[in-house]
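Peer 1: Quick one: the structure is below, and I'll ask about it shortly.
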Amino acid sequence: MKTKTWTLTRRAALSLAAGAMALSAAATMPGGAAVAQDDPLKVGFVYVGPVGDHGWTYQHDKGRQAVVEKFGDAVKTTYVESVPEGADAERVINQLAQSGHDLIFTTSFGFMNPTVKVAKRYPDVMFEHATGYKRADNVSTYAGRFYEGRYPIGVMAGRLTESDTIGYIAPFPIPEVVRGINAFTKGLHSVNPDASVKIIYVNSWYDPGKEREAAETLVAQGADILVQHTDSAAPMQLAEEKGLIAFGQASDMSQFGPNAQATAIVDDWSDYYIDRVQAVMDGTWESQDTWGGLNSGMVQLSDFGPKVPEDVAKEATQIVKDIESGDLVIFEGPIKDNAGEVRIAEGEAASEEDLLSMDWYIEGIDAQLPKN
Amino acid sequence: MRPSLELRSHTPRSILYLTPVIAALLTAFSGGVLFAALGYPPLEALYAFFIQPLTSLNGLAEIGVKATPLVLIGIGLSIGFRGNVWNIGAEGQLTLGAICGGAVALAFYDVEGVWLLPLMVIAGTLGGMAWGAIPALLKTRFNASEILVSLMLTYVATLFLSYLVHGPLMDPEGFNFPQSRLFHDSALLPTLIPFTRLHLGAAIALFIVVAGWFVMARTLIGFQVKVIGLTPAAGGYAGFSQKKVVWMAFLTSGGLAGMAGLFEVAGPIGQLSPSVSPGYGFTAIIVAFLGRLHPVGILLAGLLMALSYLGGEVVQIELGLPLAITGVFQGMLLFFLLGADLFTRYRLRWNRSPAAGTAAGAARPAEAREEAA
């Protein structure tokens with residue numbers, strides 16, 4: 001597996017502030033290095049869901065386990081699961097920092113402000129926040145370019161659908177999710193312009209009951225393929241029961257849909273977590289922003305399921321290769337939104353800024369983005 | 001020989017104070033068994049759960065932070081529950097309080113002043129009252145079930161908040177993530193202890209405990225609520241208005257829930273986000289009953305509930321206990337507390353024959369034996 005990660009230059013904007021804080025940063029490094037010698041390095045993880053969600057949190061915990069496996073007695077890991085986003089998160093993060101953890105991963109967007117707040121209080125503790133945009137001298141951010149995986153599954157859905165109706169179960173209309181829907185739709189329409197995407201927001205990252213209800217509604221509306229951006233396996237299980245096709249989210253869900261799962265977008269945090277723990281041990285850890293895509297191994301497609309014909313599998317594999325090599329740029333202009341306005345001009349590609357704040361549906365989605 | 005429950009004519013004081021102690025001992029014992037059976041050191045786990053959160057100033061402050069909304073809402077709910085008015089939608093009223101108070105803070109995001117915080121508290125309280133007024137109106141006008149109406153309005157409130165933070169109240173510099181701006185300093189509650197999160201709201205909650213006791217024990221309206229709750233017919237003959245009690249219960253509990261919501265966003269959270277409460281409005285129902293609908297009881301129950309959350313985190317961090325086990329443990333604690341409470345109102349009788357009811361002393365559980373004391 002490749003371990004390359006993408007370090008963005010957006011960090012440069014923060015370097016002024018970083019310079020001003022250089023003293024405290026310098027004080028941070030030796031603290032991290034000293035720990036590596038005798039005591040085990042204490043690494044804490046804060047999860048938004050249960051470790052058994054078989055989705056988002058499950059994958060982060062696999063990353064934690066990879067750290068344990070790699071470093072053995074040199075690390076001691078701790079996790080706190082199902083931490084609500086809100087007032088409780090700060091207490092849990094604080095508790096981890098207070099109890100001597102050297103490196104703390106907070107793995108949900110809603111933990112961003114609490115992480116930054118606690119980080120101010122503990123300048124010697126290093127923090128890693130997933131999917132956010134606020135950094136500090138001792139706070140890094142990291143995320144996966146999950147949308148890169150959504151383009152090839154869009155292509156696959158376009159090839160596999162018979163009813164030309166795709167059901168899409170989404171959590172919240174935030175940029176990450178909208179980006180995924182747009183990338184999926186772009187892939188879908190590149191091979192099957194007639195197919196339509198029906199989207200239901202369930203307003204939760206993990207709610208098997210609601211996810212199942214949404215999936216049932218979508219199937220009743222004619223969807224023969226289910227795509228999910230929520231974390232439970234409920235939609236996959238429904239697809240299995242009804243003999244339909246579904247795409248797994250965050251984790252390989254084939255055990256819940258041995259026939260139904262065409263493939264899954266798998267988040268693999270292992271290499272990143274190992275790298276960062278190693279960096280703390282070596283005393284080379286510094287604040288950075290990582291946004292790893294297919295070519296970093298942070299985002300992968302799992303093995304193709306039994307309902308995927310050879311040619312479709314081949315096509316998808318080729319597209320993944322093209323995205324990895326940069327031959328295929330998903331958000332390359334001209335791209336219009338679904339009101340007809342040009343969002344990305346011809347000959348241009350979406351900037352990181354455009355991607356991070358995407359709040360419009362791409363042309364061809366017959367729905368309104370739920371906002372004002 | 002068959003056990004049966006018999007209503008007590010009056011409850012001896014000793015039982016009133018003994019049942020929580022017995023329940024705590026039972027919880028500790030069966031919790032210890034549970035931990036040991038799963039391969040965790042029982043004493044260490046119990047220490048981490050119950051004692052360790054109390055050993056630091058920050059831990060104590062955090063219990064105060066966590067208990068504040070539970071106590072505030074619990075006091076409000078208890079007034080209604082005593083009058084047989086069932087407000088199940090405190091979570092929604094809390095959300096509306098957070099929205100209204102938070103909207104004030106955001107409207108003045110570039111203006112600072114000492115007047116801002118009081119204005120937010122008023123707006124938050126009024127917001128909660130307004131949301132509580134809907135089920136009260138439907139109940140008194142159309143006799144609609146206040147349980148269903150208040151519960152359903154919770155979902156409306158949550159989605160309304162979600163709409164606002166995705167739209168009009170979204171942070172313009174926040175990359176379209178569904179959060180508001182961070183509140184500035186004069187829109188945040190001052191902390192009571194430096195370097196902790198214990199905020200002014202905790203002190204106000206304590207004041208509300210006293211006020212709640214005063215209203216229920218010393219005022220006419222409190223008396224009316226209790227009479228209507230016990231026997232509506234008697235209340236009616238005495239000329240007490242049932243409608244008045246419904247309104248009073250919903251406005252009080254809604255207002256206090258709204259205030260609690262505002263305290264959350266102006267205290268530990270510091271902004272509006274899609275989720276402002278991990279279900280305080282529902283947990284407060286348990287707190288109210290755990291506290292036997294008495295203000296002091298509710299204060300203690302709120303603190304215990306807060307401790308159980310913090311303890312659950314500590315055992316996860318220190319001993320690696322999975323959350324599910326701490327959930328089971330919390331459940332046992334509540335089960336024993338509420339179960340033991342049964343014996344404050346009922347006594348256990350072993351009936352062999354009508355005459356020989358007291359012969360089976362040795363077979364009786366400890367709780368039942370205490371009644372003789």
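Placed from the backbone N, Cα and C atoms, the Cβ positions cover glycine too.
Straight out of TrEMBL:
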TRANSMEM  B:21-43  transmembrane segment
TRANSMEM  B:63-81  transmembrane segment
TRANSMEM  B:93-109  transmembrane segment
TRANSMEM  B:115-138  transmembrane segment
TRANSMEM  B:147-165  transmembrane segment
TRANSMEM  B:198-216  transmembrane segment
TRANSMEM  B:246-267  transmembrane segment
TRANSMEM  B:279-307  transmembrane segment
TRANSMEM  B:319-343  transmembrane segment
Peer 1: Which residues of the chain, 6 or more past the ends of the transmembrane segment (B:319-343), have a CB below 8 A from one of its CBs?
Peer 2: 5, 15, 19-20, 22-24, 26-27, 30-31, 34-35, 38, 40-41, 44-45, 48-49, 286, 289-290, 292, 304, 308, 311-312, 367-368, 370-371
Peer 1: So, taking each listed stretch (B:21-43, B:93-109, B:147-165, B:198-216, B:246-267) in turn and counting its Cβ pairs to the transmembrane segment (B:115-138) that are under 8 angstroms, which one gives the highest count?
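Peer 2: Most contacts with the transmembrane segment (B:115-138): B:246-267.
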Peer 1: Within the same chain, where does the transmembrane segment (B:93-109) have neighbours whose Cβ lies under 8 angstroms from its own Cβ atoms, ignoring anything closer than 6 residues to its ends? I mean 6 or more beyond.
Peer 2: 69, 73, 87, 116, 119-121, 123-132, 154, 157-158, 160-161, 164, 169, 180-181, 183-184, 187, 253-254, 257-262, 264-266, 271-272, 276-277, 280-281
Peer 1: With Cβ-Cβ distances below 8 Å as the criterion, list the same-chain residues six or more beyond the ends of the transmembrane segment (B:198-216) that contact it, or say none.
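Peer 2: Residues packing against the transmembrane segment (B:198-216) from afar: 61-62, 64-65, 67-68, 71-72, 75-76, 78-79, 82, 189-192, 222, 225-226, 256, 259-260, 263, 266-268, 294-296, 298-299.
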Peer 1: Are there residues at least six beyond either end of the transmembrane segment (B:246-267) with Cβ under 8 Å to its Cβ atoms? List them, or say none.
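Peer 2: Same-chain contacts beyond the flanks: 65, 68-69, 72-73, 75-77, 79-80, 83, 85, 87, 90-91, 93-102, 105, 117, 120-121, 123-133, 135-136, 139-140, 146, 150, 183, 187-189, 197, 199, 201, 204, 208, 221, 225, 276-277, 280-281, 284.
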Peer 1: Against the transmembrane segment (B:279-307), which of these stretches has the most C-beta pairs under 8 Å: B:21-43, B:63-81, B:147-165?
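Peer 2: It is B:63-81, which has the most Cβ pairs under 8 Å.
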